[in-house]
Amino acid sequence: MKVVYLLVALLALTSTVVSAYDPSPLQDFCVAAKEKDGVFVNGKFCKDPKLVKAEDFFRHVEPGKTDNPLGSNVTQVFVDQLPGLNTLGIGLARIDFAPKGLNAPHTHPRGTEILIVLEGTLYVGFVTSNQDGNRLFTKVLNKGDVFVFPIGLIHFQLNVGYGNAVAIAGLSSQNPGAITIANALFKANPPISSEVLTKAFQVDKSIIDYLQKQSWYDNNN
């Protein structure tokens, strides 16, 4: 019996060394399903390697249209757009800005973002967690400048130049996700109770009602 206990202990130690945590999720959730009902995996099913072609790793990206309420457009290149990214842990996005265009405050729950400005001038920033006092870190970026937005933190980019601006963002996930703060709070489906939002924001209910009636545009979907 002592031998069995020793073997179990060694296996537990080995498992801890090899994998001390669960694999990171690649979508919002992955509910456990019975075998006969299972149709989704954490990520994507793999294509037969013998059927893979160069096109699976290629995608052309055009400039995005910025004639919308935010004056910006995010063109995603994640696993849904580029199948070859599956299991590689990276993604990319092109962000186009009209003058004064904004990539509204949002967060990526599954990825850190590193951004480089290709054209124009951007005012960018992120806010730290409650435990860190919600500190705001900002910087004005010009062509060639790089800035990092840590995983999960609320961040934004605003075109403060006189012309158009373009940036490329690399993300540390094939499916980093995006939660635009205003949309999540005021355009939830079904709507969040106005009682909850009134108390959270400490404002009159009429203000919450007004905000929930707005057609919140989302350029991060």
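Just so it is clear, glycine is given a Cβ too, placed from its N, Cα and C backbone atoms.
Whatever TrEMBL says is automated annotation, not expert-curated.
Quick look at what TrEMBL annotates:
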type: BINDING; residues: ASN103, HIS108, GLU113; note: oxalate binding site
type: BINDING; residues: HIS106, HIS108, GLU113, HIS155; note: Mn(2+) binding site
type: DISULFID; residues: CYS30-CYS46; note: disulfide bond
type: DOMAIN; residues: 58-209; note: domain 'Cupin type-1'
type: SIGNAL; residues: 1-20; note: signal peptide
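Cα spacing between HIS108 (oxalate binding site) and CYS46 (disulfide bond): 25 Å, rounded to the nearest whole number. The Cα of CYS46 (disulfide bond) lies closest to that of GLU113, out of the binding-site residues ASN103, HIS106, GLU113, HIS155. Cβ neighbours of HIS155 (Mn(2+) binding site) (same chain, under 8 Å, six or more residues apart in sequence): PRO105, HIS106, THR107, GLU113, VAL124, GLY125, PHE126, VAL127, PHE149. If you take the C-beta of ASN103 (oxalate binding site) and look for same-chain residues 6 or more apart in sequence within under 8 angstroms, you find LEU70, SER72, VAL74, ILE95, PHE97, PHE156, GLN157, LEU158, ASN219, ASN220. Annotation: HIS108 carries the greatest number of neighbouring Cβ atoms among the binding-site residues HIS106, HIS108 [cut-off 10 Å, Cβ to Cβ]. When other Cβ atoms within 10 Å of the Cβ of CYS46 (disulfide bond) are tallied across all protein chains shown, the result is 11. Excluding the listed site residues HIS106, HIS108, GLU113, HIS155, the same chain places THR107, GLY111, PHE126, PHE149, LEU153, ILE154, PRO176, ALA178 with Cβ atoms within 8 Å of the centre of the Mn(2+) site Cβ atoms. Those same-chain residues not listed among ASN103, HIS108, GLU113 yet with C-beta within 8 angstroms of the centroid of the oxalate site C-beta atoms are ALA93, HIS106, THR107, LEU115, PHE149, HIS155, ALA169, LEU171, PRO176, ALA178, ASN220.
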